[in-house]
Amino acid sequence: MSLLKSSFIISLMTFLSRVLGLVRDVVIARLFGTSLVADAFFIAFKIPNFLRRLFAEGAFSQAFVPILSHVKVENEEAEVQKVINVIGSKLLFALIVITLIVVILAPIVVFVFASGFYQTPKFDLTVELLRITFPYLLFISLTAFSGAILNTYNRFAVPAFTPVLLNVSMIICAIYLSPKLTQPIVALAWGVFLGGVAQLLFQIPFLLKIRKLPRLTTKNHSQFAILKKRMLPALFGVGTAQLNLLIDMILASYLVTGSISWLYYANRLFEFPIALLGVALATSSLPYLSKKFIKKDMDSFKKIINHNLKFTFVLGIPAIVGLIVLAQPLLITLFQYENFNAYDVKQASVALIAYSAGLLGFILIKVLANIFFASGDTKTPMKIGVVAITVNIIMNFSLIGYYQHLGLAIATSISAITNTGLLYFYLHKNNIFRVERELFITIFKVIIAVIIMFLVIVFINEPNKYWLSYNVFERVLLLTKIVISAIIVYFSVLFILRVPLR
């Protein structure tokens, strides 16, 4: 399977998942808005979700896939199975221990992650919800482990599709279970739990098909020691964005009720292009990059990198403009109903604009960090990640006093841009990779196309006061008209300027 086809499959499955994710968020916004219970749920959901992205799908996958690729290239399948068995068994044991500890010590965990909730009604509710949601980490981490195995064997569609099941589970529980409970928000927590179970069970038949279902063992393997050695650096290398968002969440717990929800809804829209582009490119290219590096095929290695960078700029730059210009129309169309009012739209939109300003940085972190991970170097991204997190903390405390939740979003974007700049600096300095002249030409053409696209959006777009007065059908119709027109104009200009899209 070619890299382009792999990226397309992952993007397609991710798009389906993200669309259902937006449906899920629309349901949550309509039922719970930006209320106290919504803030409590978002924290209880964010904690296992944060650890999932940081460890399971972040540091673990980035360290594990190159190791498994290396073993697969250099050894027989029996040896590959041994590695899978050992690492899978140790992962399961660690997850069970962590889950039990967190469920028992949930009040302490909530205090660490949302200390601003302490001695408020939010605190006890968040503790109750966390005890239901946290086991999701166990199931989703094993799902990520299974997905890493499938990705190594070029089975990209299944891992990319599995998040759909979480969204379906949460939507069903929110609509049908919540009206039957004394505290309706608890239904969402059970939706998270059941979604985790469904995701893991879904992947088992596909592991059986490639004969790589992990088996429990008490044995050890030399590759496990290598994995542990690479995990911590990878944690900071690829998890910087997640760590920054965690810091945002902790600080936001001290702000007015609704701040966590505003950041959540803004983040959900902002992550849409990151998932479609950054995650798709990083996930699909890591096995290929690892194999090319192992075989010392540096020409193909650099060709893959250039391909990823080109698509990042071709799709990332218009996404930035679209999110910034259409921030309020997007939020109004998707969320401004019943418990989510015009004031919530305004507060979430400024956060979305601030996040969007750093969008390229967030995507490029995934693309550039992959180059280091594929070569087995997890220490350099770690050092850079520490610097980026430090920048985020300094900027957070500098901006939060005056700008409140907006300051947190601005700081996160500045940190991402800093991270990206340093990653490229060290790639260039160590002569691992340098941007080719053709990429600058492509970026110049993209900017021309984006300017024309921007003018089209401004021409079609209505003032926000009209958006607020429109019904659901009118909002969706106008937003669809704007988005489709912008896409057609943008890619038409790229075609005229002869920008290759393959």
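Counting starts with 1 at the first residue shown.
Using the three backbone atoms N, Cα and C, a Cβ is placed for every residue, glycine included.
According to TrEMBL, the protein carries these features:
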type     : residues : note
TRANSMEM : 31-51    : transmembrane segment
TRANSMEM : 91-114   : transmembrane segment
TRANSMEM : 134-153  : transmembrane segment
TRANSMEM : 160-179  : transmembrane segment
TRANSMEM : 185-210  : transmembrane segment
TRANSMEM : 231-252  : transmembrane segment
TRANSMEM : 272-290  : transmembrane segment
TRANSMEM : 311-332  : transmembrane segment
TRANSMEM : 352-372  : transmembrane segment
TRANSMEM : 409-427  : transmembrane segment
TRANSMEM : 439-460  : transmembrane segment
TRANSMEM : 476-497  : transmembrane segment
Is the transmembrane segment (134-153) packed against any residues at least 6 beyond its ends, judged by a Cβ distance under 8 Å, and which are they?
47-49, 51-52, 55-57, 60-61, 64-65, 68-69, 72, 84, 87-88, 91-92, 95-96, 98-99, 102-103, 106, 159, 162, 192-193, 195-197, 199-200, 203-204, 206-207, 210, 212, 214, 283-284, 286-287
Feature contact check the transmembrane segment (311-332) with the transmembrane segment (439-460), CB under 8 Å, 3 or more pairs:
yes
Compare 31-51, 160-179, 409-427 by their Cβ pairs under 8 Å to the transmembrane segment (185-210) and return the stretch that comes out on top.
160-179
With Cβ-Cβ distances below 8 Å as the criterion, list the same-chain residues six or more beyond the ends of the transmembrane segment (311-332) that contact it, or say none.
7, 265-266, 269-270, 273, 276-278, 281, 345-346, 348-350, 352-353, 356-357, 359-360, 363-364, 367, 439, 442-443, 446-447, 449-450, 453-454, 457-458, 461-462, 464, 467-468, 475, 478-479, 482-483, 486, 490, 494, 499, 501
Sort out the residues at least 6 away from either end of the transmembrane segment (160-179), same chain, that have Cβ-Cβ distances under 8 Å to it, and list them.
9-10, 12-14, 16-17, 20-21, 23-24, 27-28, 31, 143, 147, 185-188, 190-192, 194-196, 198-199, 202-203, 280, 283
Please indicate, using numbers and ranges, the residues of the same chain that are 6 or more beyond the transmembrane segment (91-114) and have a C-beta under 8 Å from a C-beta there.
43-44, 46-47, 60, 122-123, 126-127, 130-131, 134-135, 137-138, 141-142, 145, 216, 246, 249-250, 253
